[in-house]
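TrEMBL lists Lys5, Gln6, Ala7, Ala8, Arg9, Arg146, Leu147, Gly148, Arg149, Gly150, Gly151, Gly152, Ser153, Tyr154 with the feature ATP binding site. According to TrEMBL, the substrate binding site annotation covers Glu58.
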Amino acid sequence: MLESKQAARRALLGARTAMPGAARAAADVAVWKSLRDFLIEAVDEGATVAAYRPFGAEPGATLEPELPERLAVVYRVILPVLLPDRDLAWERLAAEGTDGDGAAQDGTASGVVRKAGADALPEAPRIEDAAAVVVPGLAVSHDGMRLGRGGGSYDRALARVGPEVPVVAILRDGEFGVEVPAEPHDRPVTGVITPSKGFVSLR
């Protein structure tokens, strides 16, 4: 199963990298609009949203302002920090200094999963307090099984999220509805967002 997951990751990452820049940018705007509209319906203004900062060829990586800053205009955004045991802690992105379009003037959290010492975040926010969770992924099956990059960090974090909380993966077209090899520790998502389909509920 490990080999099949690795092969799938290579193929999906290769397809993302090969996507032309203009098409990537247009797709990123589309997924942002769908995410924004979904959260307006699902989450109260000012609620905590666990998110991340897309990078490289990930969906949303070309957005300016970037995804976390856009969300922080309306929500309390928390972003992941990788701990030595590969679990995730969380830190808040400061909303102060954002303008009306969501452009951050003085954000404090990087949002890309980064390493931290075991005691680096003694009073960190918790993913358990999030009203919605937005996660990266390389693919998601029709039953919600998500293929990540292989570290298992998000599966551990999502195990602490209540069943009523929406967990949404942002994908490229062609990455939803594919077969995802699942292991016992893998945690499903409750919805996906793609450029052409918008939000798709998997509940």
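A Cβ is built for glycine as well, from the same backbone N, Cα and C atoms used for every other residue.
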List of residues, in chain order, with Cβ under 8 A from that of Arg149 (ATP binding site) and at least 6 apart: Arg9, Pro136, Leu138
Cβ neighbours of Arg9 (ATP binding site) where a neighbour is any other Cβ within 10 Å: 16
Lys5 (ATP binding site) CB neighbourhood, other CB atoms within 10 A: 18
Count of other CB atoms lying within 10 Å of the CB belonging to Ala7 (ATP binding site): 11
Neighbouring C-beta atoms (10 Å sphere around the C-beta of Gly151 (ATP binding site)): 12
Coarse DSSP state, helix versus strand versus coil, of Ser153 (ATP binding site): helix
Minimum Cα separation from the residue listed as 'substrate binding site', reported as the residue among binding-site residues Lys5, Leu147, Gly151, Ser153 that achieves it: Leu147
Neighbour tally for Glu58 (substrate binding site), based on other Cβ positions within 10 Å of its Cβ: 22
All-chain count of other Cβ atoms within 10 Å of Ser153 (ATP binding site): 18
Extent of the ATP binding site in Å [max Cα distance among Lys5, Gln6, Ala7, Ala8, Arg9, Arg146, Leu147, Gly148, Arg149, Gly150, Gly151, Gly152, Ser153, Tyr154]: 20
